[in-house]
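Quick look at what Swiss-Prot annotates:
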BINDING   CYS22, CYS58, CYS92  [4Fe-4S] cluster 1 binding site
BINDING   CYS168, CYS172, CYS175  [4Fe-4S] cluster 2 binding site
DOMAIN    13-129  domain 'MTTase N-terminal'
DOMAIN    154-384  domain 'Radical SAM core'
DOMAIN    387-450  domain 'TRAM'
Amino acid sequence: MITPLAKTAPAPRYLYVRTFGCQMNEYDSQRALRLLCAVGYRPTSDIADADVIFLNTCSVRDKAEQKVYSFLGRLRRLKAHRPWLKIVVAGCVAQQLGDGLLKRFEHVDLVVGTRGIGSIASLLEEVERSKRRVAHLPAEELQGFTTDKCRTVGTGDVVAQVTIMQGCNNFCTYCIVPHVRGRERSRAPDDILREIDFLASRGAREVLLLGQNVNSYGRGLPDPISFPDLLRRIGKETSIRRVRFTTSHPKDLTEDLIECFAGLPFLCKHLHLPFQSGSDGILKLMHRGYTARQYLEKIARLREVCPEIALSTDVIVGFPAESEEDYLQTLRLIEEVRFDSLFSFRYSDRPLTRAAGFPDKVPMDVKVRRLARLQSIQADITLQKNLAETGTVREVLVEGPSKASNGQMTGRTQQNRIINFQCPVDLTGKIVPVRIVAAYSHSLKGELLSQPGKES
């Protein structure tokens with residue numbers, strides 16, 4: 001009698017994911033991870049073990065793009081030692097260069113544009129089967145804005161991200177986003193609500209709503225809905241405890257949305273509102289659609305409606321034709337508003353943008369000097385803001401064990417400040433009262449006042 005050979009399970013294939021850039025890219029990377037895990041891949045944190053490397057890229061600034069090229073260059077040696085390795089490049093650099101990436105990096109197997117993530121599993125299968133290198137840059141997301149059937153993979157985080165729209169119609173003269181992400185496309189509200197409710201059932205207590213300009217959400221849908229109305233529906237129809245959103249454009253920040261910060265208790269008291277420059281002349285060249293005075297009026301109204309709101313922002317120094325007076329106007333706006341935190345960047349030409357062709361470029365040494373001074377001013381403001389928190393009691397959503405010290409938990413206030421505090425038990429996912437006892441440049445130290453009940 002001949003005994004048939006026992007069938008053995010195929011060896012697992014390992015997937016390494018690396019993300020550059022914004023939270024939208026993080027969301028897309030998680031989506032790709034879920035889709036590939038659903039067809040048998042296993043995630044690994046060790047790139048040397050990977051059978052597939054998925055690289056999600058950013059081209060918003062030249063520095064981010066150069067990081068991508070540097071990383072891809074280092075992968076040549078790894079591919080030489082692991083010839084079966086498949087290297088996938090997705091995101092904004094992929095959308096920007098397309099086939100050019102395959103020509104520049106002969107070890108890259110698959111290029112996936114910003115609207116092709118939903119096809120990642122079938123594309124990778126095609127590359128494996130055909131032994132061909134592929135660039136896939138669809139004009140639109142073929143799957144549309146639908147919750148992935150494998151959304152159960154990778155859930156369980158206390159804070160989850162949910163894309164509500166993609167693309168941008170503003171075409172700021174320095175920004176490549178409309179060229180690589182396309183025009184604004186809003187996701188159906190019912191689908192957003194289903195995903196949020198599902199995430200809440202899997203342990204999420206907070207969601208971050210993502211879009212290049214969430215304030216213009218709903219335009220173009222068969223049944224138009226405003227962003228404030230979407231927020232109200234989230235509060236009524238889901239069980240999520242906290243909601244944040246990013247990014248907002250000042251010109252689209254309506255009175256209705258401002259009043260949501262007072263009227264919706266689940267909406268965190270934090271807003272990221274990029275101003276980019278304090279000079280009206282530079283704002284006009286940037287095609288931002290507002291003046292410095294209009295921006296300040298909206299800040300004043302936000303603080304009138306919600307005195308405890310924390311504000312963060314983006315700013316660019318060294319935009320073409322920026323004079324010393326233009327720059328000083330930016331500093332004056334920062335000192336007047338006193339942002340809780342600020343992300344600042346040196347201007348860099350981006351392909352496809354109008355500003356790349358503008359004359360009167362600011363020398364690099366001037367941009368470096370201006371950025372350093374601005375960052376020093378903001379660092380002092382941020383520290384003073386954090387020191388002012390000392391002695392206050394804040395509701396903190398515990399996100400997990402702190403990396404700062406054993407025996408500590410870490411979480412965030414509604415104002416998006418990080419707090420580390422001693423705790424004898426794991427309170428991940430709980431909302432707890434914490435008194436701030438010390439403040440630092442980028443975080444706070446607190447003490448737990450009481451442990452939560454089952455409903456916290």
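Glycine is treated like the rest: Cβ placed from N, Cα and C.
The model shown is predicted, which means the values in this text are computed figures rather than measured ones.
CYS22 ([4Fe-4S] cluster 1 binding site) sits 15 Å from CYS168 ([4Fe-4S] cluster 2 binding site), taking the C-alpha atoms as the reference points. Residue counts of the domain 'MTTase N-terminal' (13-129) by helix, strand and coil are 63 helix, 25 strand, 29 coil (DSSP-based). The [4Fe-4S] cluster 1 site, placed at the center of the C-beta atoms of CYS22, CYS58, CYS92, has further neighbours from the same chain whose C-beta lies within 8 angstroms: PHE20, GLY21, MET24, ASN25, ASN56, THR57, SER59, VAL60, ALA64, GLY91. Annotation: CYS92 carries the greatest number of neighbouring Cβ atoms among the binding-site residues CYS92, CYS172 [cut-off 10 Å, Cβ to Cβ]. Cα separation, CYS92 ([4Fe-4S] cluster 1 binding site) to CYS175 ([4Fe-4S] cluster 2 binding site), rounded: 12 Å. DSSP states for the domain 'TRAM' (387-450), grouped as helix (H, G, I), strand (E, B) and coil, give 1 helix, 33 strand, 30 coil.
In the three-state DSSP scheme, CYS175 ([4Fe-4S] cluster 2 binding site) falls into the coil class. Residues ASN170, PHE171, TYR174, ILE176, VAL177, PRO178, GLN212 surround the recorded [4Fe-4S] cluster 2 site, their Cβ atoms falling within 8 Å of the Cβ centroid of CYS168, CYS172, CYS175, which are themselves excluded. For CYS58 ([4Fe-4S] cluster 1 binding site), the same-chain residues lying six or more positions away in sequence with a CB closer than 8 A to its CB are PHE20, GLY21, CYS22, ASN25, ALA64, GLU65, VAL68, GLY91, CYS92, VAL93.
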